[in-house]
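**Student:** What TrEMBL records for LYS35, TYR254 is active site, proton acceptor. Residues or ranges marked as N6-(pyridoxal phosphate)lysine in TrEMBL: LYS35. Taken from TrEMBL, the feature substrate binding site applies to ARG130, MET302. The domain 'Alanine racemase C-terminal' annotation in TrEMBL covers 233-362.
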Amino acid sequence: MPRPILATVHPAALRHNLDRARRAALDARIWAVVKANAYGHGIERVFDSLRAADGFAMLDLAEAERVRALGWRGPILLLEGVFDARDLELCSRLDLWHAVHCDAQIDWLAAHKTQVPQRVFLKMNSGMNRLGFAPERFRAAWTRLNALPQVDEISLMTHFSDADGPRGVADALAAFEHATQDLPGERSIANSAAVLRHGPQTRADWVRPGIVLYGSAPDFPAHDAAHWQLRPTMSLRTRLIGVQTLQPGATVGYGSSFVADVPMTIGVAAVGYADGYPRHAPTGTPVLVDGVRTRVVGRVSMDMVTIDLTPVPNAGFGSEVTLWGSASTGAVLPIDEVAQAAGTVGYELMCAVAPRVPFAVEAD
Ligand SMILES: *Cc1c(COP(=O)(O)O)cnc(C)c1O
């Protein structure tokens with residue numbers, strides 16, 4: 001028998017969340033963002049459920065190849081553009097659209113030998129200060145690109161730093177609108193948080209939802225997934241492989257960080273940080289046993305996690321443990337709550353499920 005841990009991907013939930021994004025996108029077309037191996041779900045496992053999107057966006061050329069290998073003939077966008085002049089060959093061969101965020105990428109295009117001009121998304125830095133041309137340099141970059149025979153249509157994009165927070169998008173949006181005022185071309189601005197939280201002026205021609213497709217709230221804890229009508233697309237489950245009875249004063253795990261103050265029973269679950277469960281999850285982090293909510297106690301180990309069984313007196317050896325997502329009973333533990341307890345975000349937990357964890361796709 002393999003270890004009982006299993007990550008399950010839920011196709012119906014992916015389709016539901018894509019529909020949800022579609023409603024919020026108004027008339028905009030949708031880039032389904034599948035970077036980081038579809039936020040840890042596996043591109044091949046989500047593809048069928050997301051193929052109602054208008055295009056797929058990611059950063060890794062190998063991931064773009066995988067989407068083409070699945071038979072996708074529609075648009076694919078490389079969100080960070082190419083990393084090397086030679087990547088432009090692959091863009092030509094696979095018909096990939098790509099972001100252009102810096103002068104080096106324009107130099108490479110200018111030197112690229114191709115019969116077929118490429119579609120590019122010129123990126124503006126609207127305040128994030130990661131990738132993109134500053135507003136005052138945007139027009140010059142556009143003019144340079146527009147003069148190249150290697151370049152077909154030029155679309156315009158930016159990425160918000162604060163769509164999920166109190167600072168909002170007004171300044172960034174104004175900077176983008178000002179810098180792109182009379183330039184032709186399609187526009188793409190909004191990530192998940194902008195699509196859900198901000199006005200229709202963020203929709204433009206293409207939106208770029210990622211995290212909403214995977215059922216996590218982009219602005220947790222201000223709002224949770226239920227508020228946004230999102231459903232979990234990944235459940236991480238395992239089983240109890242041990243049970244211990246503690247007397248008051250007994251300690252649990254490395255460092256003896258948890259001390260029982262009353263008699264209690266704990267379960268030992270077959271999951272640990274080597275599976276991607278966060279080692280920073282402290283005592284009190286929520287977890288479901290047989291669908292009943294309880295808490296982690298003591299330090300997370302490489303291969304095991306210890307759990308308070310007080311609220312589930314009938315649980316024992318072999319009981320189902322849900323680290324996030326849905327239990328077999330239908331009870332749901334939002335990944336955002338687990339992430340918050342561990343001082344991170346749902347994005348990181350889904351992306352960090354370790355290669356040793358087997359995956360299954362739930363049957364429809
Ligand atoms: C990751 C990413 C997105 C999607 O962001 P979410 O918060 O997951 O919706 C959109 N645009 C760009 C440029 C990205 O890198």
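Heads up, the Cβ atoms here are built off N, Cα and C, so glycines get one too.
Keep in mind that TrEMBL annotations are predicted by a computer and have not been checked by a curator.
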**Student:** What is the interatomic distance between the Cα atoms of ARG130 (substrate binding site) and LYS35 (active site, proton acceptor), given in whole Å?
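**Tutor:** If we compare the Cα positions of ARG130 (substrate binding site) and LYS35 (active site, proton acceptor), the gap is 17 Å.
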**Student:** Cβ atoms within 10 Å, counted per site: which of LYS35, ARG130 has the most, among these recorded positions?
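**Tutor:** For the recorded positions LYS35, ARG130, the Cβ with the most other Cβ atoms within 10 Å is LYS35.
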**Student:** Please give me the CB contact count at 10 A for TYR254 (active site, proton acceptor), counting all chains in the structure.
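**Tutor:** Cβ-Cβ neighbours of TYR254 (active site, proton acceptor) within 10 Å number 11.
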**Student:** Could you count the residues of the domain 'Alanine racemase C-terminal' (233-362) that DSSP puts in helix, in strand and in coil?
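**Tutor:** For the domain 'Alanine racemase C-terminal' (233-362), the helix, strand and coil counts are 19 helix, 48 strand, 63 coil.
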**Student:** Name the residues of the same chain, 6+ apart in sequence, whose Cβ is under 8 Å from the Cβ of MET302 (substrate binding site)?
**Tutor:** GLY272, TYR273, ALA274
**Student:** Round to the nearest Å and give the CA-to-CA distance linking TYR254 (active site, proton acceptor) with LYS35 (active site, proton acceptor).
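**Tutor:** Per the Cα atoms, TYR254 (active site, proton acceptor) and LYS35 (active site, proton acceptor) stand 36 Å apart.
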